[in-house]
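The structure appears right after this line, and notes come after that.
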């Protein structure tokens, strides 16, 4: 079964064709990073206009790369939220129109949920149950995936998401956009033990990063006021360590307490080298299987959306054309 995935939630225009939810035949991504970098972040109006310009071209390229005629597509899946409303509407409208014109099913996908399915692309034989840590620019969730399309959200951020904290600290340190890769890069040359930044003691499996963000900003401000010399690399490395430590600690704790010895990560922050390294090491220490998507499936892409669409389709879960873009939507526990 062939599903065409469409992803336009932020600043990437993406289309992909995935066979049976796991085999990627094409994965096309048009990135706007260079355009938005000059502004220090994504400009919503520019992002949506670029999506309008590129969506047809990107979808056509996905078909060509897969060497698939559009008549062979069984369904089309698109992100409906969360994200920038103007950007979401472009991909959603395109997918609905294609579905209507070709008389094929349309499936609306939660972007955060889509990230989870990137693991089933990288590991075709992987099956639930497993623990999934979803870490992206706007969301941080700790999930027990009981079955395909059935999961329990046991932890989430109370304020800033991990990726959001990375972006804000990177901007404050003058490292540019996107912040995650920028901090990851400079932190490799810093001393992560140089500064001890506090993390909020949040109950259960929840997270909080706003206090850490403020602590780093105030610390750097104080150093500048006192005209004390410091290395940006040390600040970046120490900040990154604090974030990674809390993500890893709670993920391992959930795996051990739930007795689910499979852990996967997903989302843009899953590309962070420190997070991948530390979680892999801790999983190995506790004989826990560790899964992480290929780098190209960590950041926003349409292959993960197509994969998620397939697993909904085989359960008969299609969407109505009245489905609208929802810019602010969380991942909530889903039971059959």
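Backbone N, Cα and C define each Cβ position, glycine as well.
The structure displayed is predicted, hence computed values, not measured ones.
What Swiss-Prot says about this protein:
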BINDING   111, 115, 300  Fe cation binding site
BINDING   134, 135, 136, 137, 138, 167, 180, 184, 272  substrate binding site
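Distribution of Swiss-Prot features across the structure.
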{"residue": "111", "record": "Fe cation binding site", "CB count, 10 Å": "26"}
{"residue": "115", "record": "Fe cation binding site", "CB count, 10 Å": "30"}
{"residue": "134", "record": "substrate binding site", "CB count, 10 Å": "27"}
{"residue": "136", "record": "substrate binding site", "CB count, 10 Å": "25"}
{"residue": "138", "record": "substrate binding site", "CB count, 10 Å": "21"}
{"residue": "180", "record": "substrate binding site", "CB count, 10 Å": "27"}
{"residue": "272", "record": "substrate binding site", "CB count, 10 Å": "27"}
{"residue": "300", "record": "Fe cation binding site", "CB count, 10 Å": "26"}
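Comparing C-alpha positions, residue 300 (Fe cation binding site) sits nearest to 136 among the binding-site residues 134, 136, 138, 272. The binding-site residues near residue 115 (Fe cation binding site), taking a 10 angstroms Cα-Cα threshold over the set 138, 180, 272, amount to none.
The Fe cation site is set by 111, 115, 300; from the centre of their CB atoms, other residues of the chain with a CB within 8 Å are 7, 9, 79, 112, 114, 136, 267, 268, 301, 304, 305. The two recorded residues residue 136 (substrate binding site) and residue 111 (Fe cation binding site) have their Cα atoms spaced 10 Å from each other. The two recorded residues, residue 180 (substrate binding site) and residue 111 (Fe cation binding site), show a Cα separation of 19 Å. In this structure, residue 272 (substrate binding site) belongs to neither helix nor strand by DSSP; it is coil.
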